[in-house]
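Accompanying notes for the structure given below.
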Amino acid sequence: MGFEKSRNGPCSDHQKLPKLGPSNVNSSALTGNGENAELSSMTFVSDLFAIALGGSIGAVLRYLITLTVVSAPLSGWLTLHGSVGTTLANLLGCCALGGLFQFSQALMASDWVATGWAASLAHPRTLLAVRIGVLGSLTTFSTLIGETAVFASQGRILASSMLLGINVIAGWCLFWAAAAVVRNWTS
């Protein structure tokens, strides 16, 4: 239960998928003009709350990942153990974002309808909460740059370069690997 090919359009128990992006926010939500300004303002505020909720979940996940890596029994031999937590969070985020990217591509295809849990994830507000909120706070480019700068300032240029390279190259590979898995699942 996730995707089904539509033969005659969406059935009553299926949800036709909306366009991705902010939940129907228009300029009247920001300016207060128009007859739907109050509804649009409420939608905009709801989107912000969804992103904030997702952000708090992603931040806690990131903290727990780093805490787990740092307190792992084998972390003593890892001289970069704090960076391993950041790298793991970044790579998990890249993988999740790659899967979500392909999922979104399948959702935008006109002959697909979402069913079950996929219909819940297809809601624009849910996508905002996951993409911007959870994954935005789980992954952290600024911490990665800060950690590479610390290594570089300590004269550990190889460690700095490896950390940056692993995050970028492995992140790129995991993004597209997850996208390929989801593409096979949705086709």
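Don't overthink the numbers, they just go from 1 along the chain as shown.
Note: Cβ is positioned from N, Cα and C throughout, glycine not excepted.
Per TrEMBL, region 'Disordered' is recorded for 1-25.
Residues or ranges marked as transmembrane segment by TrEMBL: 48-76 (among others).
The transmembrane segment annotation in TrEMBL covers 88-108 (among others).
The list of residues near the transmembrane segment (128-150) in space but at least 6 beyond its ends in sequence, with Cβ under 8 angstroms from a Cβ of it, reads 22-23, 47, 50-59, 61-62, 82-83, 86-87, 89-90, 92-94, 96-97, 100, 121, 160-161, 163-164, 167. Feature annotation from TrEMBL assigns transmembrane segment to 128-150 (among others).
For Gly136 (Na(+) binding site), the same-chain residues 6+ apart in sequence whose C-beta sits under 8 angstroms from its C-beta are Gly54, Gly55, Gly58. Mapped onto three states, the DSSP output places Gly136 (Na(+) binding site) in helix. Annotation source TrEMBL lists Na(+) binding site at Gly136, Thr139.
As annotated by TrEMBL, transmembrane segment applies to 162-182 (among others).
Annotation for Thr139 (Na(+) binding site): spatial neighbours Arg62, Ala89, Asn90, Gly93, Cys94, Leu97, criterion Cβ-Cβ under 8 Å with sequence separation of six or more. If you look at the transmembrane segment (48-76), the same-chain residues 6 or more away from its ends with a CB under 8 A from one of its CBs are 82, 84-86, 88-89, 92, 125-126, 128-130, 132-140. Long-range neighbours of the transmembrane segment (88-108) within the same chain, counting only residues 6 or more positions beyond its ends whose Cβ lies under 8 Å from a Cβ of the stretch, are 3, 17, 19-20, 61-62, 65-66, 69, 114, 118, 121-122, 127, 130-131, 135, 138-140, 144, 167, 170-172, 174-183, 186-187. Beyond the ends of the transmembrane segment (162-182), by six or more residues, the same chain brings 80, 83, 86-87, 90-91, 93-99, 101-103, 106, 144, 147-148, 151 to within a C-beta distance below 8 angstroms of the stretch.
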